[in-house]
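Sequence annotations record features per position, and here Swiss-Prot assigns disulfide bond to 30-37, 38-72, 86-92, 93-106. The N-linked glycosylation site feature in Swiss-Prot is assigned to 39. What Swiss-Prot lists as signal peptide is 1-25, and the listing cites sequence analysis.
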């Protein structure tokens, strides 16, 4: 019975598959790595005021755009299927550093 429920959920996962050339909108996965679940997101300006980006020197090339995700962990397809989805903010981040402690270039997405 559980196997058949998992098979029924596959079309929903196909809707969340990456779309070639598409942006990071609702129902789309990350092109730069796994979708992240972040306990907090903030603007780059706020993160700089709080000194959160000082340790990233040399890691991020170019200007930082988007949001900064804090205390993030990757979301797996299995986690979504079993109901262990994100209860905070789901984001797609360009640069994941310090094992998800600080992620930069994040864009909120819906699963």
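Note that Cβ sites are derived from N, Cα and C of the backbone, with glycine treated the same way.
Here the C-alpha separation of residue 86 (disulfide bond) and residue 106 (disulfide bond) works out to 16 Å. The subset of disulfide-bonded residues (72, 92, 106) lying with their Cα within 10 Å of the Cα of residue 37 (disulfide bond) consists of 72, 92, given in sequence order.
Among the recorded positions 38, 39, 72, 92, 93, the ones whose Cα sits within 10 Å of the Cα of residue 30 (disulfide bond) are 92, 93. Of all the Cβ atoms in the protein chains shown, 24 others lie within 10 Å of the Cβ of residue 92 (disulfide bond).
Around residue 106 (disulfide bond), taking its Cβ as the centre, 28 other Cβ atoms fall within 10 Å, counting all chains.
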